[in-house]
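Participant: Sharing a structure here in structure tokens format.
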Amino acid sequence: MSTPPDQARDAEKRHATQRTDTPVRPGSDPEKSGSPPSVLQPSSSSSDDNRSRVAQDKDTGPDPDAGDGPDVNADAVTIAGQALSRTTSRSSITPAPPPDGGVTAWMAIFSAHLVIMNTWGIVNSFGVFQSYYTTLLSRPPSDIAWIGSFEVFLLFFISTFSGRLTDAGYFRTLFAAGFLLVSLGMLATSFCTQYWQFFLAQGICLGIGNGCLFCPALSTASTYFDKRRGLALGFVSIGSSTGGLIYPTMVRQLLPSIGFGWTIRAIAFVQMGTLMIAFVFLRPRVKPRKAGSIVEWAAFKELEYTFYAIGSFLNYLGVFFAFYYLASYTRDIIGLGYNPSLNLLLVLNGVGVPGRILPGYIADRVGSINTLIPMSFISGLLMYCWVAVSSTSGLYTWTPFYGLAASAIQSLFPSALSQLTSDPRKQGTRMGMTFTIVSFAVLTGPPIAGAIISAEGGRYVGAQVYAGTCLLAGMCFWIAARVVKTRKAGGGLWFKT
């Protein structure tokens, strides 16, 4: 197909041919007239048109493809210019491909790792606080669970707004606000003595601060990688294991010697220092997307996204049960003391390191959703197996296996969501939307489990079955999301997704 400039040159050639083929005026003498031989003199209107075209050609410049031939027609130049303008506009909006490596990219991943350490690391360490607050405040487990659940609820719920604001270019502002709120919340917790004070400081203030940090850091870091995104985000999510090892260890070592207040303040100082490092090195790569709403309702028209969101809700109803109640189960059912119960919590969080790296490595080769589905199945199956565990050795055997599978769910959950989002500029918005849906699961899941335990007189069987059923039901919806995605892509059973 010819382009507009080619069409213009053809028209000029035809016009030139018509001029040279014009018959000689009868009775004229070319040598006497001084005019070009055998050519009619152009009319005045034709001369005006030519002068206008010459002036316009001077403005637009010659066509480099035309050589010494006639200049390009003005209309064709206009059409070509408009097409070039549209192409340039699209290219300026479309973000450059992710670097998939380099110092800047890996420093962004390391910074996001520190953010997760100070958000999810505290969440995964709540078993320490659950056990301590139950004794300190003389409240039932379900009441104490509301503090941790509300903290995680706000972490996810605030992500709807922080994710969209990140897309709009307010990453630095959100990070600064989150830093201040997390610092204030932890310092205020160190002075608390009553239930409502713990709820306000640790449940609300810390939860809002975590919400300002978590989604912006995760969505920003994910834009630096494509082919190795699963591995990169796996390293980011290891931050929850890093925090889950550091902070319970600090509580175990410092609480007997310096007391609760200074132990929490020491944790706050560690958070401040590491978050400042992350603030320096984590910077947005994709240009801001100012237009657009906080919620992208069109996303729910995509069945794969809807099924994935429902599956995530169900999985998060059950996946945190062990992180909240393992220490209490160790004391109430197995009969161990406070420090041995913390050791099991450290094991649960510690195996999260390989539980996030290895599945991320596999996900880069077979797909995040393809890896996520079997991890959900294993987690649900192990939750049912927990019912039969009644000894210390059995619990030490069960804990690392569940920790591996549950850590994989937490690690691959955002990576799989990124694979379902074709436009990287919408990752923050969609991630925030899904986090908000999940927030209601983490808000109600642990308290429901605590209420079941209280209703059964301190027995954990009903809560264990409840958590396992939620995990397996969520797996079914993730399978449905994969089926829809595979059919749209025209893939088969082994399609990478």
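The backbone N, Cα and C atoms fix where each Cβ goes, glycine too.
Below are the features I grabbed from TrEMBL:
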- 33-47: compositional bias 'Low complexity' (COMPBIAS)
- 48-61: compositional bias 'Basic and acidic residues' (COMPBIAS)
- 63-73: compositional bias 'Low complexity' (COMPBIAS)
- 105-485: domain 'Major facilitator superfamily (MFS) profile' (DOMAIN)
- 1-73: region 'Disordered' (REGION)
- 103-123: transmembrane segment (TRANSMEM)
- 143-162: transmembrane segment (TRANSMEM)
- 169-189: transmembrane segment (TRANSMEM)
- 195-218: transmembrane segment (TRANSMEM)
- 230-250: transmembrane segment (TRANSMEM)
- 262-282: transmembrane segment (TRANSMEM)
- 303-326: transmembrane segment (TRANSMEM)
- 338-357: transmembrane segment (TRANSMEM)
- 369-389: transmembrane segment (TRANSMEM)
- 401-420: transmembrane segment (TRANSMEM)
- 432-453: transmembrane segment (TRANSMEM)
- 465-484: transmembrane segment (TRANSMEM)
Participant: Using a cut-off of under 8 Å between C-beta atoms, tell me which stretch among 103-123, 195-218, 230-250, 303-326 contacts the transmembrane segment (262-282) the most.
Facilitator: 103-123
Participant: Would the transmembrane segment (369-389) count as touching the transmembrane segment (195-218), i.e. at least 3 C-beta pairs under 8 angstroms with sequence separation of 6+?
Facilitator: no
Participant: The transmembrane segment (401-420) and the transmembrane segment (230-250): do they have three or more Cβ pairs under 8 Å, with pairs 6 or more apart in sequence?
Facilitator: yes
Participant: How about the transmembrane segment (338-357) with the transmembrane segment (401-420) - do they touch, taking at least 3 C-beta pairs under 8 Å (6 or more apart in sequence) as contact?
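Facilitator: Touching, yes - the transmembrane segment (338-357) and the transmembrane segment (401-420) meet the threshold of 3 or more Cβ pairs under 8 Å.
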